[in-house]
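Worksheet: one structure, shown below.
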């Protein structure tokens with residue numbers, strides 16, 4: 001049943017501040033008289049919404065109101081709650097129809113069969129407004145259908161706004177997709193993908209995975225879906241050019257994340273599947289280390305839609321979309337407290353991180369580093385937890401935090417983006433400023449000059465520090481990507497709103513997309529990569 005049919009709001013509402021009429025409408029000159037028109041049985045002075053509901057629907061859809069705005073309309077006016085008697089469902093209200101129309105504009109939603117759309121509606125809570133919130137949240141988290149740059153362990157992937165893919169860096173396993181094993185020091189287009197629009201990418205040690213706008217997954221590099229420190233896993237090559245992953249052909253995939261020892265994918269319906277986790281049932285199912293069949297993530301998330309996933313060293317985070325709001329679940333290895341449940345205990349099934357409720361924080365985006373994790377709240381607060389080595393949690397020390405803790409050093413800014421790498425963390429503020437903290441090796445934090453004014457770019461940073469070298473670029477940052485592996489020196493990508501890409505950190509394999517000088521292995525300041533991703 002539609003959540004709006006009973007008249008009960010499906011989204012929590014907030015009070016709307018009353019405004020004086022004079023602050024909204026300029027007073028008319030005294031000699032002009034305006035006549036109010038009546039329609040039907042309405043009396044003089046009533047706002048005639050019912051006179052032309054189709055126009056109202058057109059305005060709501062055209063203005064791209066967010067789900068909360070539509071819910072507020074329902075809460076304040078019965079006209080927006082009553083059945084509108086329009087196709088395709090005459091029982092839907094004007095606000096529900098507007099939400100459905102806006103869902104139809106999403107590339108992921110539009111091709112879904114009617115039955116799958118209805119199933120998704122029920123998974124989201126029985127309202128098209130909640131479906132719209134689910135779709136918008138996923139787009140915001142993962143930059144779907146937008147340009148992006150991925151800093152992998154030793155190699156890099158760049159995707160333009162129209163889905164063209166470039167790769168560069170280490171290529172020992174064919175992970176660049178150019179049908180060779182030669183390193184590339186400059187961005188090179190993957191020609192075999194011509195005619196295929198890529199909307200998302202992921203890079204692991206010796207492996208790359210790409211997702212097309214039709215939900216197909218392509219992989220190249222090592223033959224396994226995870227990384228392994230020991231054993232023969234990943235010793236063979238699956239391909240040196242993009243090859244469809246046949247085991248996923250019946251799943252419309254919208255995101256993939258490569259962790260250590262496993263890979264996870266997210267379907268457009270918000271279901272999570274994993275590969276190659278191993279036979280200790282840490283993800284709720286027992287599989288062989290080299291199992292290349294996707295297995296659904298069991299437990300509480302089976303019937304809750306997930307909008308984003310993030311993987312680190314033997315653990316997985318999931319940002320879930322529920323009628324009451326957004327929440328974060330974690331599963332896997334709890335070493336260092338990186339699962340956020342107040343202990344180091346492993347979790348075989350996804351478990352809700354309850355600390356966010358205690359902090360009164362609504363999660364908007366999750367990030368998983370190798371041993372630590374981070375979340376940005378809707379209100380702009382940033383929380384970190386896990387192993388605090390090198391100061392990667394930003395709390396002014398190197399201690400572990402077993403539950404999410406607000407980074408006090410960022411309390412004067414409103415954050416909109418956070419990424420976690422190999423003992424490093426970056427935060428982007430609403431104003432476009434970038435802050436970083438953690439391990440200073442490989443110059444991957446961007447602090448080429450320390451607080452004492454000396455060139456000590458390798459020093460660890462225990463609290464958030466403004467990346468002044470990016471401030472000098474004078475462009476708005478829209479995405480940051482960090483290396484997230486324990487096997488390689490780290491590098492960092494910064495993508496600007498204009499489509500320009502900057503890189504710094506380790507570049508010994510060509511992963512920065514530029515040729516370094518003799519005896520040089522890293523770049524301490526952001527340098528422009530010769531590629532336009534706009």
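Positions of Cβ are set from backbone N, Cα and C atoms, glycine also.
Under the heading domain 'RCC1-like', TrEMBL lists 147-482.
Here TrEMBL flags 163-214 (among others) as repeat 'RCC1'.
What TrEMBL records for 215-269 (among others) is repeat 'RCC1'.
For 270-322 (among others), the entry in TrEMBL reads repeat 'RCC1'.
Taken from TrEMBL, the feature repeat 'RCC1' applies to 326-379 (among others).
Under the heading repeat 'RCC1', TrEMBL lists 380-431 (among others).
Annotation comment: TrEMBL describes 432-498 (among others) as repeat 'RCC1'.
Confidence for the repeat 'RCC1' (499-534), expressed as mean pLDDT, is 88. Residues annotated as repeat 'RCC1' in TrEMBL: 499-534 (among others).
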Chain residues in Cβ proximity to the repeat 'RCC1' (499-534) (below 8 Å; excluding those fewer than six residues from its ends, i.e. six or more beyond): 147-149, 151-152, 154-156, 158-161, 166, 168-170, 183-187, 442-444, 446, 448, 457, 469-470, 473, 475, 483, 488-493
Helix, strand and coil totals (DSSP H, G, I; E, B; other) for the repeat 'RCC1' (326-379): 7 helix, 25 strand, 22 coil
Residue counts (helix, strand, coil, in that order) that DSSP gives for the repeat 'RCC1' (499-534): 0 helix, 18 strand, 18 coil
